[in-house]
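Have a look at the structure below before the remarks.
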Amino acid sequence: MSHAFDAMRGTPPGILLIRRIRGKDWSLTTYRYVVLLITFIAYACYHASRKPSSIVKSVLDPEPDKAPAPELIPWPVGKFFIKEDSYSENFDRIKNKGWAPFNGTDGTSKLGEIDVAFLACYSLGMYVAGHLGDTLDLRLFLTSGMIGSGIFVALFGMGYFWNIHAFWFYLVMQMVAGLFQATGWPSVVAVIGNWFGKRKRGLIMGIWNAHTSVGNISGSLLAASVLEYGWGWSFIVPGSFIALGGIMVYLYLAAYPEDVGFPCPNGATAVNVDTVPCDEEAQTHKGSVVEHKNNTGSGSRKSVGMLEAFLIPGVIPFALCLFFSKLVAYTFLYWLPFYLSQTEIGGERISVKSAGNLSTLFDVGGIVGGILAGYISDKLNARAITAASFMYAAIPSLLLYRFYGSVSKTVNIALMMIAGLFVNGPYALITTAVSADLGTHKSLRGDSRALATVTAIIDGTGSVGAAFGPLLTGFLSAIGWDAVFVMLVIAALTAGLLLSRLVIAEITEKTGKPVPSSGVQPFPEASPSRPLLTDQR
């Protein structure tokens, strides 16, 4: 009876209501689709709430004699490009003035400090959030993080309406928002890892990871669409959306299969996964013997310690690789709209609104990159080779974008999307499929409670790099944008080199040669004859 209580205590109220209305429960396949959809929307909301600061940078700190100029109807309904010299009446009072304290000579560096404050708290909070995610109810934890993020993102925007010009206010709002934002990624990856096994994980997570780019795009469009009414609305609207998303998570997200009566694919029992293939519907129906063994409930698993998670083979090199990969990706996330508004494209400058619209195409390329990287890594069964190859390919794409992106708008769009494909591909692969693979590594003896912890270690380390990128850009952009792109190229090269030992091990395994004496094991150990999730005791 206690097992049944543990299993059902996490059932979301919205699902209970649907059961009552329908008179029957959903199938496992339906639950998986619902989990994919809800976590997709949830993390898209997280990323959407991070975009406003990049959109309003040129409003807070405009170039002398240059005014921001939104259009009345946002893209994709209105024009994509607007010339810089078209003005909006609502911007007259801040035209050419910006917003103190960001409109002084040190405005650009202060904007960089705001970004790094957010990302520093985000990365530090990630390590704590990962362990908490493996300890607490993931649904309630994610709900609290989303509502808290929405409140503090909106409070940043309220500085406009309250006429606040104290730098510390904006700094504190971003720091607290960063702590709440840290709850998102470990939680959603852990939920997906709980519901899906190894088969086609790279492709499934590659498609699912489009939420990052969809969030960036929707956040840019939301923030830009209300910019003409005052930059504060660019924070309040995305903040409201993530808070509403938190309510949706509370009502409908089943964080663990056993919470709605199904066995967990990565359960903490000694059942061999070969006998319980998580992708075989016939062996996961409720009421089966397997369910009785696995259905221990979300409250009865033990979490894995931070040190133990660090020692899982592959965690450290992938975490360090993500440090530099995310440095590149987040530099584009926070500074691309500003860069576009400050650079001539086809011989003319574009408005802040157009720069925000145009920057979304980087993430369109990122969607393709994430799916492609996941598909290739599944086909080759080689996560490290795929990630390293994409990072090396990112180097020429970055250089081409810098030197030829100003030729015309068409060339800029094409090169931007190619850069987005190669930059976001490995970033998406490492933070999804690789994290889930390592979080259910055979050394854990099937304890899926390492999912959030491992994800937090990898993404938390990556987020430290994400903090350094925008911070360094704030200083290097004063020297010139060439210096910024040199930094990005060096980071991409370093990211690829950090996976060299794992790449060599994977190549060695595939060519049938003996593994080098260094003892490096190929990653992941997931061939058909050696399933990644199998407990080989």
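Cβ coordinates are placed from backbone N, Cα and C, and glycine is handled just like the others.
Unlike curated entries, TrEMBL annotations are predicted automatically.
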Which stretch, out of 278-303, 512-537, is listed as region 'Disordered' by TrEMBL?
-> 512-537
Non-local residues, at least 6 beyond the ends, that sit with Cβ under 8 Å of the transmembrane segment (168-196) | 31-32, 35-36, 39, 42-43, 46, 49-50, 53, 113-115, 117-126, 128-130, 132-134, 138, 141-142, 144-146, 148-149, 152-153, 155-156, 159, 204-205, 208, 253, 255-257, 264-266, 278-279, 431-432, 435-436, 439-440, 448, 451-453, 455-456, 459-460, 463
Which stretch from 140-162, 233-253, 356-377, 384-404, 484-504 shares the most C-beta pairs under 8 Å with the transmembrane segment (310-336)?
-> 484-504
With the transmembrane segment (410-430) as the reference, which stretch in 140-162, 384-404, 484-504 has the largest tally of C-beta pairs below 8 Å?
-> 384-404
Within the domain 'Major facilitator superfamily (MFS) profile' (37-509) only, compute the mean pLDDT.
-> 79
By a Cβ-Cβ criterion of under 8 Å, what residues six or more beyond either terminus of the transmembrane segment (384-404) are in contact with it?
-> 317-318, 321, 325, 328, 369, 373, 376-377, 411-412, 415-416, 418-419, 421-423, 425-426, 429-430, 434, 481-482, 485, 488-489, 492-493, 495-496, 499-500, 502-503, 505-507, 522-523
